[in-house]
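A.B. asks: Dumping the structure here so I can ask a few things about it.
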Amino acid sequence: MNITSVILAGGENRRFPTLKGFIKIGDNTIIGKNLSLLMDIFDEVFISTNMPEKYFHFGVPLIGDVLPSKGPLSGIYSSLINSKNKCIFVLACDMPFIKKELVSFICKRHIEASKGMFQNHGATIPIYNRQPQPLFGIYCKSAISYFEDCILEGKTSMKRILSEINTHFISESDIMTVDYDGRSFVNINTIEDYEKAVTGSLIAAPSHQ
């Protein structure tokens, strides 16, 4: 598949006492589990981080922010620059229940859209809980210059950016045919979230951004 995958691992941990990617769910860490999943699908996988010493042992390329850090946007921008492919599949580091089938489905819909009315679109993003999910989708090199301008101007709202780069949105009803209860969109921000994740009672929040 001619899409690079990137795990965004540069987020601050203001409400959790450790790096969220290293949270263990079962016998594996979130980031370890998701790396294995992504490497089964994509021919190139990165970790976007400004703390390479924490992640080098995973044995995949580590990409630091090229421009001053402005949250996930900086990681997406830097990954697009370094990707050998025209598009990247972005995944937040704190999502423990990703379904491989949903990742493949989003990629399939992106490829289909690229052949139709969205030939020059800048992103393909799923909708869940009636909100776009900007940290679980595809971004294209065609949006690089716009991302650079946003970073330099301090515009960091992912929802606003998606509205301005000709985004192809995948409807919630379509997403639910692959992941009915939205488990793929669950993310862990707090100790309470972790405890609920372990017991299976944590549900997806409306959106990362």
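Count begins at 1; order follows the chain as displayed.
Just so you know, glycine gets a Cβ as well, placed from its N, Cα and C.
If you look up TrEMBL, you'll see 6-164 marked as domain 'MobA-like NTP transferase'. What TrEMBL records for Leu8, Ala9, Gly10, Lys20, Asp65, Asp94 is GTP binding site. Among the features that TrEMBL reports, Mg(2+) binding site is placed at Asp94.
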A.B. asks: Counting only residues 6+ away in sequence within the same chain, which have a CB under 8 Å from the CB of Gly10 (GTP binding site)?
C.D. replies: Ser48, Thr49, Asn50, Met51, Asp65, Ser69, Pro72, Ser74, Gly75
A.B. asks: Of the residues named as GTP binders, Leu8, Ala9, Gly10, Lys20, Asp65, Asp94, how far apart in Å are the Cα atoms of the most distant pair?
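C.D. replies: 19 Å is the greatest Cα spacing among the residues binding GTP.
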A.B. asks: Please work out which residue of Asp65, Asp94 has the most C-beta neighbours within 10 angstroms of its C-beta, and give that one of the binding-site residues.
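C.D. replies: Per the Cβ count within 10 Å, the most buried is Asp94.
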A.B. asks: Under 8 Å between C-beta atoms and at least six apart in sequence, can you list the same-chain neighbours of Ala9 (GTP binding site), or say none if there are none?
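C.D. replies: In sequence order, the residues whose Cβ lies under 8 Å from that of Ala9 (GTP binding site) (at least 6 apart) are Leu19, Gly21, Ile31, Ile47, Ser48, Thr49, Met51, Tyr55, Cys93.
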A.B. asks: Calculate the per-residue pLDDT averaged over the domain 'MobA-like NTP transferase' (6-164) and state the result as an integer.
C.D. replies: 91
A.B. asks: For Leu8 (GTP binding site), just count the other CB atoms lying within 10 A of its CB, please.
C.D. replies: 25
A.B. asks: Need the DSSP three-state call for Asp65 (GTP binding site) to compare against my parser.
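C.D. replies: Looking at the DSSP assignment, Asp65 (GTP binding site) belongs to neither helix nor strand, so coil.
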A.B. asks: So, in DSSP terms, is Leu8 (GTP binding site) helix, strand, or coil?
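C.D. replies: Going by the DSSP assignment, Leu8 (GTP binding site) falls within a strand, counted as strand.
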A.B. asks: Should Asp94 (GTP binding site) be counted as helix, strand, or coil on the basis of DSSP?
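C.D. replies: SS state of Asp94 (GTP binding site) = coil.
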